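Chemist: First the structure, which I've put down as structure tokens, then a few questions once you've had a look.
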Amino acid sequence: MSEPLKTVLVVAVALIDTDGRVLIAQRPEGKQLAGLWEFPGGKVDPGERPEQALIRELKEELGIDVNEACLAPFVFTSHAYESFHLLMPLYLCRRWSGVVQAHEHSALKWVRPNQLSDYPMPPADEPLVAWLRDLL
Ligand SMILES: Nc1nc2c([nH]c(=O)n2[C@@H]2O[C@H](COP(=O)(O)OP(=O)(O)OP(=O)(O)O)[C@@H](O)[C@H]2O)c(=O)[nH]1
Ligand SMILES: [Mg+2]
């Protein structure tokens, strides 16, 4: 019997601009899944609430400030990677302050929901992209 996979909680967000486009960010060289496009976010630290973690990650990764009330729970993905099991809720957010900047990614892009499938994303993100396309 193989060891059970550890479940890792990662929080992510679809930031939506006034034109209805969604922000995706390219993972930098040297990181797992480098070059793939993802939703900004990251791991929830011990003792941290998911929304707190997302607000922290958005400040670190994009330099923006988000109010917790502006984070709307949307859908989640549950995906077995080789070395861990990813559980990742995706929030929607249409309001923030500051200008998005790539502090930790190699590029950022605003994309229409029906064009998200043109960008290579981690396998766990596939169902999220389908939900965004169908529900936004
Ligand atoms: N942020 C984010 N992570 C994703 C997505 N899809 C996906 O499989 N992941 C996986 O979730 C895991 C954690 O994400 P992360 O690398 O952003 O974590 P983090 O910001 O805390 O970075 P760090 O661990 O380098 O400090 C990675 O293995 C990543 O590949 C996604 O759309 N957004
Ligand atoms: Mg991250």
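Including glycine, each Cβ sits where the backbone N, Cα and C put it.
So TrEMBL lists these for the protein:
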type	residues	note
DOMAIN	6-134	domain 'Nudix hydrolase'
BINDING	ARG27, GLU38, PHE39, PRO40, GLY41	8-oxo-dGTP binding site
BINDING	GLY41, GLU61	Mg(2+) binding site
Chemist: I'd like to know which of the binding-site residues listed (GLU38, PHE39, GLU61) lie near ligand 1, counting only a CB under 6 Å away.
Modeler: GLU38, PHE39
Chemist: Which residues, in sequence order, are found in the same chain with Cβ within 8 Å of the centroid defined by the Cβ atoms of ARG27, GLU38, PHE39, PRO40, GLY41 at the 8-oxo-dGTP site, excluding those residues themselves?
Modeler: ALA12, ILE24, ALA25, TRP37, GLY42, GLU61, HIS105
Chemist: Is it possible to list how many residues within the domain 'Nudix hydrolase' (6-134) are helical, extended or coil according to DSSP?
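Modeler: Here the numbers are 34 helix, 45 strand, 50 coil.
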Chemist: At the level of the C-alpha atoms, what whole-angstrom distance separates PHE39 (8-oxo-dGTP binding site) and GLU61 (Mg(2+) binding site)?
Modeler: 11
Chemist: Measure the Cβ-based neighbour count of PHE39 (8-oxo-dGTP binding site), defined as the other Cβ atoms within 10 Å of its Cβ.
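Modeler: Excluding its own Cβ, the number within 10 Å is 24.
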Chemist: What binding-site residues in the list ARG27, GLU38, PRO40 lie within 10 angstroms of GLU61 (Mg(2+) binding site), counting C-alpha atoms?
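Modeler: Hits: PRO40.
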Chemist: Tell me, if you would, which residue among PRO40, GLY41 (binding-site residues) has the fewest other CB atoms within 10 Å in the structure shown?
Modeler: GLY41
Chemist: Going along the chain, which residues six or more apart from GLU38 (8-oxo-dGTP binding site) have their CB under 8 A from its CB?
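Modeler: Residues satisfying the criterion: ALA12, ILE24, ALA25, GLN26, ARG27, MET121, PRO122, ASP125.
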Chemist: So if I draw a 10 Å sphere around the Cβ of ARG27 (8-oxo-dGTP binding site), how many other Cβ atoms end up inside it?
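Modeler: Its Cβ shell of radius 10 Å holds 19 other Cβ atoms.
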